[in-house]
Amino acid sequence: MKIISIDPGYERVGIAIIEKEDGQKEKLIYSDCFKTSAKLPLTERLFLIGQEINKIIREYGAKALAIETLFFTNNQKTVMGVSEARGVIMYQAMLNKIPVFEYTPLQIKIAVTGYGKSDKKQVTDMVLRLIKIEKKIKHDDEYDAIAVGLTHLASHRN
């Protein structure tokens, strides 16, 4: 099974394509941090995110989309922007006829580290132990997207 997994945002979107075949270890096929310029209006940023997600789903033939749910924060503007980005991303999945699976930060931390209160460094360290990463990753968003994908694959074992 090949999935696309997402750490949503409107400034930076963590994206990973992970493949898991029966009896095989998870394999990272692709990961990136897609960035949009703060100089662009939000509507254009959302459009660009949608285009990128659609392109990657089609290019890699993802069969499911796993995405992190929102956590509450005091910054309502950020929450609204990320919510809108999530909507655009999930719309692209449905447009491509692939199911969407959502995971909370707590579910992701438990699946990856075994501990619901783990910090970003602990999650990153476990991601590096669980899956081979060929390239240098510059942004936490990519590690987070990979963690979302690993969570999905762990919860959908055959």
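Please read every residue number as a count from 1 along the shown chain.
Each Cβ is built from the backbone N, Cα and C atoms, and glycine gets one as well.
What TrEMBL lists as active site is D7 (among others). D7 (active site): 24 other CB atoms within 10 A of its CB, across all protein chains.
Applying an 8 A CB threshold to same-chain residues 6+ apart, the list for E68 (active site) reads I6, D7, P8, E102, Y103, T104, P105, I108, D144, V148. When secondary structure is read from DSSP and collapsed to three states, E68 (active site) falls in the strand class. The active site annotation in TrEMBL covers E68 (among others).
With a cut-off of 8 Å between CB atoms and residues at least 6 apart in sequence, the same chain places D7, G9, R12, V13, G14, C33 near D141 (active site), listed in sequence order. Per TrEMBL, the feature active site maps to D141 (among others).
Residues or ranges marked as Mg(2+) 1 binding site by TrEMBL: D7, D141.
Taken from TrEMBL, the feature Mg(2+) 2 binding site covers E68.
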